[in-house]
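Asker: Sharing a structure below in structure tokens format, with a few things to ask.
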DNA sequence: ACTAATGACTCAGAAAGATATCT
DNA sequence: CAGATATCTTTCTGAGTCATTAG
């Protein structure tokens, strides 16, 4: 049923990038809160009901027997475009909660107030944004943290506790000094030292360019070192290096293992290993223990560094890894039926294209045109005589070759796979970590992006252009002063530049060829440097909670200001706050046409009746935002004047710039900018939703998780986080339906046997049953693979039939039959839940908000309170990312 | 003094890979 | 238990935000 809708979405869809179906268009209106409420801090963020509307109300979980039948709501409006103005959100079926949540979002203002006050008390740093003075060396999280005590050696977190626990061992200190000792890093360092020397020498040759553009602003006295410098010191350097090396190694060693899995102990950390599960588990445990031995940098328990603009004191790493050189395959490329011989370079580019032959990319004219231009640019003049039109190029042989290769790869033996992973691991050990201020940290993206075709999202004018291969001479490294400079991994190549800029956090950067943009190598999210920034982000958002009331009052007051600028600013801010829109910076012509709040054009908004507006535009990543919502009457009236007399392509907020808006916000609160509203509204929404949990209804862990996901979903809808529906969604859904029907029929058969009335007509049951057997047989025949190869179709058919009949045989005892009915009921329930969950989440992406917008402490507190293991909600990498989120159940955002 | 351009960092969904579940 | 398939995680890299600098 609902199936189809995605497909039909209106043209708009196309605009979104081909594969992303637009969100379902249905819209609903939401009511606005009243002024008064609004004034309060608590005003609720708003309503992007679009997705929500789509499937109608959320079904209740039904722990109780009789699950409500899942009715797929009318998802009706399928076709987007114009939403019907006010469709009532919840349908009858929905129950209270869903309805509540939607409409009310506003209502609960009160709590926020209270929260605010309490907030301070709760977690560690209470302070508001900006910097915090707090001291407290030891564990500061006052909450109830069960957290690991600082010294106990292996604390295992209690189940519910959070995130990674830390290991024991006092954190190593930051000082690098130390005696020498062995060196684990020997190879790298050794090599490097040699190479580096050479490097440096080479570097000295080209000292001049340094001054020109340094990516990093060298502020204050950061030393930006160019090769020159290095050179000068060269000799000395070497020496120093040696010494340093030793020290360093030790340090490293000490620190090693900082990255722990910590909960490895408990059952499921997921390291990826391809051993069987059992094995894997064992392994993990071992690892876990090992790690326990080493110290960890529990930065979150310590006082924050003061914010003086420097991001680190010492920084050591081995540089990024470059993609392997191209290996020509010699497969023919044809033009107009004739083979055209290609050089390796040409062949490489042709191969990039061939790889996309079966994708939607090649359906875009821009992709083909851009590619062809690039490709032609590589051809010799003789070749150009022949190759003139893209349409006559035939990359199919190459494409076939690629496919074969892919299959081969998939089929490679276990040994090969193991060897490959071992190799990967080795590289990761060397390049995947950096030592920063004496602690070993994971590097996020230490692999340089391979060359290929640029795949922009949506209607990007540059899609299909060639992304050039990046060489060491394109890459600038940022490394601690005096540290060993890693040798260039490619012989004959030198690094573009070496800098020592401790006001930034990148380890390396290069410029990408298509848009001339910067690409950086950063530390992983689990690193202290990222973690602190992340925590700070949430602290700023929490700080907003204290001023949100004033800010709201402020902009509401300005709706009628005499200055157009002020009025526009006020309304824009209102939309950002209420609808969680992005701010919308200006964009160039050479980018996809997407907008945010400040860049909205008149064509993106429709003023309906009853103070309702419909926003329909492509936002970040060309994701369609479609929402019909009722807004404040005063805002509506002003908006009307902004639209008046303008062309569809004119800016809605023509007198407003993003800079003005942010400057205004900065004045209201330190650290405040437009994006903070998204973080704030997302987190506060999660907290409010979670607070609504009815513990009677959601009892099992699975039910609680389902509940959590629903709360998470509210946030995802608010932020318009979407995903393409699974490819075979329709199929999966109807499969589930079929299964449910079958279970029901089986139940009925049981009922008939014991003389009870079945739920459906006996003939219907029989006819459905009659259809099932042949289907099963057919399926078994088609599926017979190597395994039953020797069996004839007849035999299979016979076997299947036997199995089928066996499954329909009922015991004679009445009690047993009743048991059976109950069992089926359970299975049905399970399927219903599954279906409901799938339906609710088919186009909603929960991940983005979980990773970026939701204060993890809210989740941790909820988990503890409800005895849900955190690892059911946070994956390993999320737990690693939020080691600082271990708070007590009383944490309030 | 003000824009426009830079630079650095956060946030996005898809693709790829790993694991779990089904048959 | 094996292989297929569904689902969950991680990787990848494009696309925003926004403060700072350049002109």
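Each Cβ is built from the backbone N, Cα and C atoms, and glycine gets one as well.
What you are looking at is a predicted structure, and each value in this text was computed from that prediction instead of being measured.
Checked Swiss-Prot, it gives:
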- A:1-305: region 'Disordered' (REGION)
- A:33-42: compositional bias 'Acidic residues' (COMPBIAS)
- A:91-102: compositional bias 'Low complexity' (COMPBIAS)
- A:103-114: compositional bias 'Acidic residues' (COMPBIAS)
- A:115-126: compositional bias 'Low complexity' (COMPBIAS)
- A:135-171: compositional bias 'Low complexity' (COMPBIAS)
- A:184-197: compositional bias 'Acidic residues' (COMPBIAS)
- A:208-217: compositional bias 'Basic residues' (COMPBIAS)
- A:218-228: compositional bias 'Basic and acidic residues' (COMPBIAS)
- A:237-248: compositional bias 'Basic and acidic residues' (COMPBIAS)
- A:271-281: compositional bias 'Basic residues' (COMPBIAS)
- A:285-294: compositional bias 'Acidic residues' (COMPBIAS)
- A:404-427: region 'Disordered' (REGION)
- A:409: site 'Interaction with DNA' (SITE)
- A:413-427: compositional bias 'Basic and acidic residues' (COMPBIAS)
- A:457: site 'Interaction with DNA' (SITE)
- A:506: site 'Interaction with DNA' (SITE)
- A:526-893: domain 'Topo IB-type catalytic' (DOMAIN)
- A:537: site 'Interaction with DNA' (SITE)
- A:594: site 'Interaction with DNA' (SITE)
- A:620: site 'Interaction with DNA' (SITE)
- A:662: site 'Interaction with DNA' (SITE)
- A:721: site 'Interaction with DNA' (SITE)
- A:739: site 'Interaction with DNA' (SITE)
- A:853: active site, O-(3'-phospho-DNA)-tyrosine intermediate (ACT_SITE)
Asker: Secondary structure at residue A:662 (site 'Interaction with DNA') (DSSP, helix/strand/coil)?
Answerer: helix
Asker: Any idea what the Cα distance is from residue A:594 (site 'Interaction with DNA') over to residue A:739 (site 'Interaction with DNA'), rounded to a whole Å?
Answerer: 43
Asker: Summarise the compositional bias 'Basic and acidic residues' (A:413-427) as counts of helix, strand and coil residues per DSSP.
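Answerer: When I sort the residues of the compositional bias 'Basic and acidic residues' (A:413-427) into the three classes, I find 14 helix, 0 strand, 1 coil.
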Asker: Return only the integer: C-alpha distance in Å from residue A:457 (site 'Interaction with DNA') to residue A:721 (site 'Interaction with DNA').
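Answerer: Each residue's Cα considered, residue A:457 (site 'Interaction with DNA') and residue A:721 (site 'Interaction with DNA') end up 15 Å apart.
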Asker: So of all those recorded sites, A:409, A:620, A:721, A:739, which one's Cα sits nearest to residue A:853 (active site, O-(3'-phospho-DNA)-tyrosine intermediate)?
Answerer: A:721
Asker: List the Cα distance (Å, whole number) between residue A:620 (site 'Interaction with DNA') and residue A:721 (site 'Interaction with DNA').
Answerer: 10
Asker: What does DSSP call residue A:409 (site 'Interaction with DNA') in the simple three-state scheme?
Answerer: helix
Asker: Which of the listed recorded sites (A:409, A:537, A:620, A:721, A:739) has the least company, meaning the fewest other Cβ atoms within 10 Å of its Cβ?
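Answerer: Least crowded of the recorded sites A:409, A:537, A:620, A:721, A:739, by Cβ count within 10 Å, is A:409.
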Asker: Do me a favour and check the Cα-Cα span between residue A:506 (site 'Interaction with DNA') and residue A:537 (site 'Interaction with DNA'); whole Å is fine.
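Answerer: For residue A:506 (site 'Interaction with DNA') versus residue A:537 (site 'Interaction with DNA'), the Cα atoms are 19 Å apart.
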Asker: What is the interatomic distance between the Cα atoms of residue A:739 (site 'Interaction with DNA') and residue A:721 (site 'Interaction with DNA'), given in whole Å?
Answerer: 31
Asker: Report the member of A:594, A:662 (the recorded sites) whose C-beta atom has the most other C-beta atoms within 10 angstroms.
Answerer: A:594
